[in-house]
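Here the structure comes first, spelled out in C-alpha cells, and everything after it is commentary.
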Amino acid sequence: MSIKSDRWIEKMALEHGMISPFQAGQVRENQNGRIISYGVSSYGYDVRCSNEFKIFTNINSAIVDPKAFDENSFVDVQSDVCIIPPNSFALARTVEYFRIPRNILTICLGKSTYARCGIIVNVTPLEPEWEGHVTLEFSNTTTLPAKIYAYEGVAQMLFLEANEVCAVSYRDRNGKYQGQTGVTLPRT
C-alpha cells in the first residue's frame, strides 16, 4: 500500500467528487480569527465536524450495548461548540461527504490540537466504495468539561492505495452505514 499525496487528493476530489465540499490548501483563519486548520495537507485531508452533536448522558442508567443501543442515552445539540462532560463522549459528523474509490482504504487520525487536550477522535476506516458523512466519536479523557468547535478541523484522513483491487467492496456487500448523512448511531 502507498499513501496518496495532496495532488492526488485534489484531483480525486475535483474530478471524481471524492470529498465534497473540498478545500484546497489549509484554512487557518476565518472572520473571527485563528481556527483549528482544515483542508488538504501534504498527505491527507483535515476534516471539519458539523454543528450536529449527540452528547452521551446516562440519565436513564442504561447499559451501553452496541447490539441494542438506547437512543435516549444521547442529548441532541445543534451549536457552533459542543461541551463534552468529563469522562464522557459525543458523536458528530463531518461537514464533508466522502466517496471512497474501490482501490483506496482511508484511515482517520485525530488532530494533535485536540489530542494534546485529552480529547481523542475515533473513526473506523472508510472502506473501498463506502460513501457518506463520517460519524466522528470524541472521547473526553479528562476530569474537566471539553470543548469541540464546529466547522473547524478535528481529524485527518489518510488515503492508502491497495496493491490490488479488493474482490468485494463495502458497496458490494451492502454495508449498513453506506450513504449515511447524519450523526449515525450503532447498527447491527
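Cβ coordinates are placed from backbone N, Cα and C, and glycine is handled just like the others.
On a predicted model such as this, the values are computed, not experimentally measured, just so you know.
Here Swiss-Prot flags K111, S112, T113, Y114, A115, R116, T135, L136, E137, Q156, Y170, Q180 as dCTP binding site, drawing on sequence analysis. Per Swiss-Prot, active site, proton donor/acceptor is recorded for E137, and the stated evidence type is sequence analysis.
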How many other Cβ atoms sit within 10 Å of the Cβ of E137 (dCTP binding site)?
16
Where among the binding-site residues K111, T113, T135, Y170 do you find the Cβ with the fewest other Cβ atoms within 10 Å?
T113
Across the listed dCTP-binding residues, K111, S112, T113, Y114, A115, R116, T135, L136, E137, Q156, Y170, Q180, what is the farthest Cα to Cα distance, given in whole Å?
33
If I restrict to non-local contacts, at least six residues apart, and a C-beta distance under 8 angstroms, what lies near A115 (dCTP binding site) in its own chain?
V121
According to DSSP, collapsed to three classes, what secondary structure does T113 (dCTP binding site) have?
helix
Name the secondary structure element type, per DSSP in three states, that contains Y170 (dCTP binding site).
coil
